[in-house]
Amino acid sequence: MTLEPYLLYALAGVGLFAIGLYALIARTHLLRKILALNVMGTGVFLFLIAIAYRSEPVADPVPQAMVLTGIVVSVCATGLALALAHRVQTTTGRMVLAENDESGA
Amino acid sequence: MNLDHWLLVFILLSSFVTGLIIFFLKEEAHRLRTLLNLFGALLKVILVGVMIAGVQANHVYESRLELLPGLDLVLRADAMSALFATLSSVLWLVTTLYAVGYLEGEPHRSRFFGFFSICVSATTGVALAGNLITFLIFYELLTLSTYPLVVHRGTEKSLQAGRTYLIYTLSGGALLLLATVWLHTLAGPVEFSLGGALAQVATQHRSELIAIFALLITGLGVKAALFPLHGWLPQAMVAPAPVSALLHAVAVVKAGAFGIVRVVYDLYGVYTAEALGVLAPLAGVAAFTIIYGSVRALFQDDLKRRLAFSTVSQVSYIALGTALFGYLSTIGGLTHLVHQGIMKITLFFCAGIFAHTLGVHKVSEMAGLGLRMPWSMAAFTIAALGMIGVPPFAGFISKWYIGLGAVGSGSYWAVAILAASSALNAAYFLPILHAAWFKKRQDPWPADHAHGAGEGHWMLLAPPLVTAALVVAAGVLANAPFSPLEWVRYITEIEYGK
Amino acid sequence: MTLWDTAPWLLWSIVLPLSAGILTFLFRRAAPWIGIATTLGSVVSVAGLAAQVVHSGPLRYSVGGWGVPLGIDLRADGLSVLMLVMSAVIGVAVSVYAARYFSDADATDERAVQAHQRAYFWPLWMFLLAGLNGLFLAADIFHLYVTLELLGFAAVSLAALAGKRAAVVAAMRYLLVSLSGSLFFLFGVAILYAAYATVDLTALAGKVQPGPLAWSALALMASGLLIKGAVFPLHFWLPPAHANAPTPVSALLSALVVKASFYILLRLWFELFGAVVTPATATFLGLLGAGAILWGSAQALHQPRLKLLVAYSTVAQLGYLMLVFPLAQNAGSALTAWSACVYFVLAHACAKTAMFLAAGNIAHAAGHDRIADLDGITQALPLSVAAFALAGISLIGLPPSGGFIAKWMLLQAAIGSGKWGWATLILVGSLLAAAYVMRVLWHAFTQVEVARPLHRVPRTMEWSALALSLLAVLLGLMAARPVELLRSGAPVSMHAPGQT
Amino acid sequence: MNAPDDFTDDTRLTPLRLMIMLFVLTLAGALGWAVCSLPAYSSGLAVTALAELSNSGVLNPVTAAVLNYRGYDTLLEIAVLLLAVIGVWSLAQAEPPAAFEPASPVLLSFLRIVLPLMILIAGYLLWIGSFAPGGAFQGGAVLAGVLVLLRLSNQDRAIWSHEVWLRFCLVLGLSVFIAVAVGVMAGGGKLLEYPRAHAGMLILLIESAALISIALTLAALFVGGRALSDEDSSRASDNGVQPE
Amino acid sequence: MDTLQTVFDLVLVLALLWLAWRVLAAADLFKGIVLFIAFGLLMALAWMRLRAPDIALAEAAVGSGITGALLLSGLARLRRLERSAQPHIGSEP
């Protein structure tokens, strides 16, 4: 079996998604969680672009348009998450989510 | 717009709308609230009167609302519903008067009378329900609207009673819902009709129908206080006297009993039920409850608790009459539905007067009460004698017919139950009467609010006198047209196809 | 054909709130009025759309005129119309409530905080509404992803609006959950596109075949939606986020936002993956629902704070929705189960909004929401307590409320297909709901001195809660037409013969 | 550079982490297996997209997909951008510029050369997007880079102190997009159905407006809080909303 | 099949995965973010390789550039807060 390029990259996308997911769950620092989300997102985008690459001779533009949308959404998400994380730090003094603070103030 | 379609809706709304308006009245608007209450009650009695006249003239009153495709909310006036609707609307009128007098000066009256009115609407709805789902809807509404009445006092004890009440009734309601849905999936939309509607289904789904019957009776038995589901009833005694009167005579307990009657006669049909073999166990439970309630009543010193256990016992007469397969026992059971209502409400009215005016709560405190309050005590005496089954009062008539029916269907054990129960009734009522009339008072009254001036307020006194008069009338005039007995006879003839 | 009949009503339910988002961002002073007008406008447009769907069946609309597969289609059938009606009606009530809520501070220090909240509540809420309506109308799974993100961003920002420590922490958790859920969903979309070269729901429906691709897409999308929809055991983020937000926000999040994920799951499950799902997976989802009902109710029974109790009740109630998956397995009861859960969504939305608004009123008047100390204050606010009680009736499923009709249909589906376990669960859940609702109502009847409210509760705030709770109860009496409407566009598999 | 908080994440393999890892590996394995069953060749929608390219008003198929075929996605995406800014502003206030050190003269003279160039590149990317790789997002990002650099050199007070103007520019992209999308319906078309003859021009119009909004949005995200002259809410920040 | 191409693909993919892991495992957040920016640039290369120049541009400008700037400024704010708050916040549980 020959490894088609698209398949290699698609699998790499899955790999990135998995690495990001692991870090999202296992890491506690909010900045790392935000980084993890970005890596996860990139994994999905890589998958999409890889499958678009199957089309010959021009890559399928529709997944590319989707990824463009996705990239912009993810930068917005990063901005929002950073602002929120900053607020978490200013109110709790730390940049992690404590285990039990459901009851709150 | 056809009046025939709307009459039943108006009957419901006459008290429901009144209740809603009362919620928004200021606590101090005493006069307006009383006027509204009485207006609603009177209007309802009049409308029910119109309905009875119409039913007599073979008018069909029916209102429908499609709940879901294939599932209708049905209000229908038939002979059976007319019986219960009349009972509830007349007794409501009387109780309203009593409650106004009883609660004078207490807090949260707008809340009380609002729920009071809604409670009666729910009862009327139970009476007019034309199928099981409609019955269920009003049955649950009844639960909800009586809870605030039970906990009205707001004491720890009454809240506890309310909690018990809800646990029992909501669980019962859940079983009833389960049974209703099950029946709906088996038989499709089934409407109440004299003679029953499930004869067809019974041939194919025998065991299912038996299970559904058991679920239905268990669900209804909670409110009808069948043993062992009666636990909430004595606790609910902490409620104010008008509430107890309403709960025992008109609304809750009676709705349960009426439900059993509906299920046996109008849903399954007495022949189908007999064929399924579900009546005998019901009769057994009812008989046990009769004896159990009487025995427990014997040992209660608290007057209202004694009356409560008496209710446990007496309501099961209705179930017993229903469950004994026979024309005459059916007449007895159904008549008792009405007769027990007027007798028990009289007793509770009087108990309320004793507690309210003199602070007398216990049987042991009742010595000499007859001399102090002859009129109230006379009403109490009539009702108590009726309960025992002394002729010519109302209770005698119904017990007599149940007994006749039992003999007719060969259930001699039921006659024995009746006799034993009557003896027990006598055993727990007669000492009260004896003490009240013939014992000399030694101690002062626990709390004399009337300051030695004899009877209580006229608004308290008038209702039991009226209902006591009804107890006498229902017994003496049992064969007059429009008497409960005659009306029941009419129903029973249709049911048994005579 | 009049203009009313032919107007593209479905567009207005998206374009109106989008434009309102811009306007409320630009003109703060007029924002409450713009907000209320927009929600009223969306009621009108939904009415128009409903008339069209009732009259001529499900609609499709090709944005840009391209059509499937290149372009994006919108579609409106019975289900989406009902969802739109829900968001519009809840929207009006919450907007009216919010207009007073955010301008009712007595003290000056609170006034400044409120000015801030008011300035951002309206644009965020308008975008939330646009996202919701867009989501309900989308027939394109990638577009669903975009609307999910729009919805998620707005919801998270709203949840953080209270600014307090608990709210911010909860919002942060919510954001992480929401973003990761969306990414799971997006990956599923990508796999489906990779396999079938289209993202249109209807076009895909004809193509999806059982196999590793469909399974993994289903697994990814479902898990993304389950976590966003706070389905047990992935509900951990919901109670703090919903309970610590400003009251109108709590209502919106609990009533509408979590439903969006469920709506998509419903669509995917029955339309897209109809051929792929197995009874075991359906039962698995049902068991999650059972866990949600029992665990959520148990938690609600132990919460010391009113708003947390209401939030846990949302966790429990969402569990009922999951029962549709096992109950719709039998062809005979599929349509009933499907109608039941959609009606459940509607009834729960009204009841939960009313409940949160009422709880908010009580907390506002009392200055706290510790359930143990609410006696005096509940008796000072009879209208709000009545709203809470009526909403509770619907949550418990007592007749004649909307919740009752929904549970009736659920039971009918369960018993009709002989699934007694689920039927028992439904009843037990009702009793548990009764227990936690009564925990609160209890205090309205105790014997105490009626307390003087710390803050006055404006009448509009009490009445909007009461109006919605009345609606929740009355929903039980007007179920016939919505349920009829639901058949328009219900999944084909459900039109089995012998349906009632 | 290594404050203690960085190390709260220890990366040792606890049993819990091992379980998470196993779960993630299983997921990845299953997904990988599924991915392997994809058809090796699929033109996706490429054929259709290219066939319709002449009707789309642009020559770059990706731009056609972004702004025409799937323009509705992009419309909501622009809304997401705006929403993100509103969200960030609702959360926090921008730190005062004083937090940054005054820029060095060297940097300033460097910027004087670079910034105009970046603006040119941004414009070029916007323009070229119609027939070659590029477009509003790429251009907008470059333009945002300009604003970021200005921010870093503390030269951007003029931008962030005009609250009204700023908001107007932020909503510009979405407003124009909606206006065009709805406007084309006046001719009897559907939402976003550009008349063939004007498609290119309309797309460019939308992109130009979007470019400005995107750039400002990204820069606003970088600033990380609402502008200083934001009157209503800056007062609020003294009281609990921003307890610093 | 062009072997060189395959080798390039493999190297690129492995580098991406390794970088991603390093980004998330880095003990030093600053290092992590810098690595993330590098990761973004490498992604841009992958996009070019996969015939997606539009995405490559967007990734370079948005994914790597702006996101990197956002993260760095976020980190800077974090550090500033930590520095200013350390005396009192250290005592908080």
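Any Cβ shown, glycine's included, is placed from N, Cα and C.
Here is what TrEMBL records for this protein:
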| type | residues | note |
| --- | --- | --- |
| TRANSMEM | D:20-41 | transmembrane segment |
| TRANSMEM | D:75-94 | transmembrane segment |
| TRANSMEM | D:106-129 | transmembrane segment |
| DOMAIN | D:110-220 | domain 'Na+/H+ antiporter MnhB subunit-related protein' |
| TRANSMEM | D:135-152 | transmembrane segment |
| TRANSMEM | D:164-187 | transmembrane segment |
| TRANSMEM | D:199-223 | transmembrane segment |
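The stretch in closest packing with the transmembrane segment (D:199-223), judged by the count of Cβ pairs under 8 Å and taken from D:75-94, D:135-152, D:164-187, is D:135-152. Within the chain, the transmembrane segment (D:106-129) has long-range Cβ neighbours (under 8 A, six or more residues past its boundaries) at 58, 60, 63, 135-136, 138-140, 142-143, 145-146, 149-150, 153, 155, 207-208, 211, 215. If you look at the transmembrane segment (D:20-41), the same-chain residues 6 or more away from its ends with a CB under 8 A from one of its CBs are 13. Residues in the domain 'Na+/H+ antiporter MnhB subunit-related protein' (D:110-220) partition by DSSP class (helix H, G, I; strand E, B; coil) as 90 helix, 0 strand, 21 coil. Summarising model confidence by region, the domain 'Na+/H+ antiporter MnhB subunit-related protein' (D:110-220) averages a pLDDT of 91.
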